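Feature annotation from TrEMBL assigns region 'Disordered' to 1-20, 491-522. Positions annotated as transmembrane segment by TrEMBL: 33-53, 65-86, 106-124, 153-170, 182-202, 222-241, 262-283, 303-323, 358-380, 386-404, 416-437, 443-462. According to TrEMBL, the feature compositional bias 'Basic and acidic residues' maps to 512-522.
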Amino acid sequence: MTDGPRQRSSTEGSAKDAAGEKESGGVALKKEIGLVSACGIIVGNIIGSGIFVSPKGVMENASSVGVALIVWIITGIITAIGALCYAELGVTIPKSGGDYSYVKDIFGGLAGFLRLWIAVLVIYPTNQAVIALTFSNYVLQPLFPTCFPPENGLRLLAAVCLLLLTWVNCSSVRWATRVQDIFTAGKLLALALIIVMGFVQICKGDYYWLEPANAFEPFQDYDVGLIALAFLQGSFAYGGWNFLNYVTEELVDPYVNLPRAIFISIPLVTFVYVFANIAYVTAMSPQELLASNAVAVTFGEKLLGVMAWIMPISVALSTFGGVNGSLFTSSRLFFAGAREGHLPSLLAMIHVKRCTPIPALLFTCLSTLLMLCTSDMYTLINYVGFINYLFYGVTVAGQIVLRIKQPDMHRPIKISLIWPVIYLIFWAFLLIFSLYSEPIVCGIGLAIMLTGVPVYFLGVYWDNKPQCIDKFVDKMTYVGQKMCVVVYPAESKKSEDEGEEMKEVTSALSKEGADNHKSEDC
């Protein structure tokens, strides 16, 4: 893990490196993500299967319909504030990698590595595996109407889904973003149908649970602890709002499109979440909603009649797009980590013609396939969900630290510090409550994260490794380059730092790729 370039703690230096790569004449990531695709990445990653299948986490803890709707609105507002903070960081530190890059540049290599470690080890492989399994479940369920689909069949179809989408992402950034755009539009159309049917129900007078007297009638006693848990569930439901920051370097005009996409997408998702839940309670009582294993399917059966098949297909399409979006963004996180020397340098290389990070995509796919083979991934998600949320707050706190340490740094967007303070107050409340309510789960999550400390010191911090280790890593890198036909981004600038042997390897690969591969220009 030491064969990449050494990390630098200077934020300005990192930003200059990113700019330098763009200006050099070598191979580089292509800027092909426009505003529509940027919105598709945010919306597509936030809206997965949850709003269709099980939006009841908030409802069962809020104890009434009215409080549940308030929770959805407030968590949407808090998410928008967090995204606003990330927008400033994204244009101030214009590098792919999102919160990993920001934490590393502001707090140092170890903090950044721990963020990367928990993401590589658990968060993204497990999340992608779960989404792929949800997709396969909704595809196969009609073939097994009287029983559950076989477990091996579910895992096999999930693996096929992952392999297909990995191939698409390896082939072209444009193809990947088009897939994301199409499937995001599909899930929004399905949710629009749910919302429209909800308005039809209201016009017909079916709004008993929306009347104030009934909306705030508790179906269980109100409890501060449960309401706090409802806010926690709501915050998790908006997960994915920061994914666009992972692909900053591939955005067309990021200084404009990054904040603009955030300002469009987060309010849109909040609107969809709130009004979809309103629509659900026009057709179902809170008790029926909590008893359903697939709320959108139950809603469709009640209101759509012979067209009820639309809902399970919508869930399948939504999850398929979710897998694509997660593969696209998480591979860029691993790419950014390798470029900073925190992962094997092969993962920081891109195809000489397609300009896609093929090694990082293959690594992402392989780790997810391995997770499909385990039976404990849902348990792992519970353990590290707390850590994932922890780093959101650390990143936003970094925005304040950066303002203090480098007040004169160029910031294309500069928001009032009141916004990160508001976010951190809400974040601290949820974090303290999580520790109080589930200390063992949070403790195990912290322990999993801290296993990265010795790995960091052995793999990254330790410079003078035995020569045999360096030779082995160089050989593996060489073989990987030959197999994937990849080089470092902006190789003509980077090669000065990589040694004479690596120069010869990458130069030969560039020529080989130019001769043997006809594809779109970089």
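Including glycine, each Cβ sits where the backbone N, Cα and C put it.
Automated prediction, rather than curation, is the source of TrEMBL annotations.
Within the chain carrying the transmembrane segment (222-241), a Cβ under 8 angstroms from the stretch's Cβ atoms is held by residues 42, 45-46, 48, 50-51, 55, 57-59, 61-64, 67-68, 71-72, 74-76, 78-79, 82-83, 86, 262, 265-266, 269, 273, 325, 385, 388-389, 429-430, 433-434, 437, all 6 or more beyond its ends. For the transmembrane segment (386-404), the partner stretch with the most Cβ pairs below 8 Å, chosen from 106-124, 182-202, 303-323, 416-437, 443-462, is 416-437. Scored by C-beta pairs under 8 angstroms, the transmembrane segment (106-124) has its highest count with 358-380, from the stretches 65-86, 303-323, 358-380. Outside the transmembrane segment (65-86), and at least 6 residues removed from its termini, the chain residues within Cβ reach (under 8 Å) are 58-59, 98-99, 209-210, 212, 214-216, 222, 227, 230-231, 234-235, 237-238, 241-242, 245, 262, 266-267, 269-270, 273-274, 277-278, 281, 286, 392, 395-396, 399, 415, 419-420, 422-423, 426. Proximity of distant same-chain residues to the transmembrane segment (443-462), defined by a Cβ-Cβ separation under 8 Å and at least 6 residues beyond the stretch ends, is recorded for 1-2, 7, 109-110, 113-114, 117-118, 121-122, 341-342, 383-387. Residues 120, 122, 124-126, 128-130, 132-133, 155, 158-159, 162-163, 166, 169-170, 327, 330-332, 334-335, 338, 346-351, 480, 484, 486 of the same chain sit 6 or more residues outside the transmembrane segment (358-380) yet have a Cβ under 8 Å from a Cβ within it. Sequence-distant contacts of the transmembrane segment (153-170) (same chain, at least 6 residues past either end, Cβ-Cβ under 8 Å): 128-129, 132-133, 135-137, 139-140, 176, 179, 320, 323-324, 327-328, 331, 351, 354, 356, 358, 361-362, 364-365, 368-369, 372-373.
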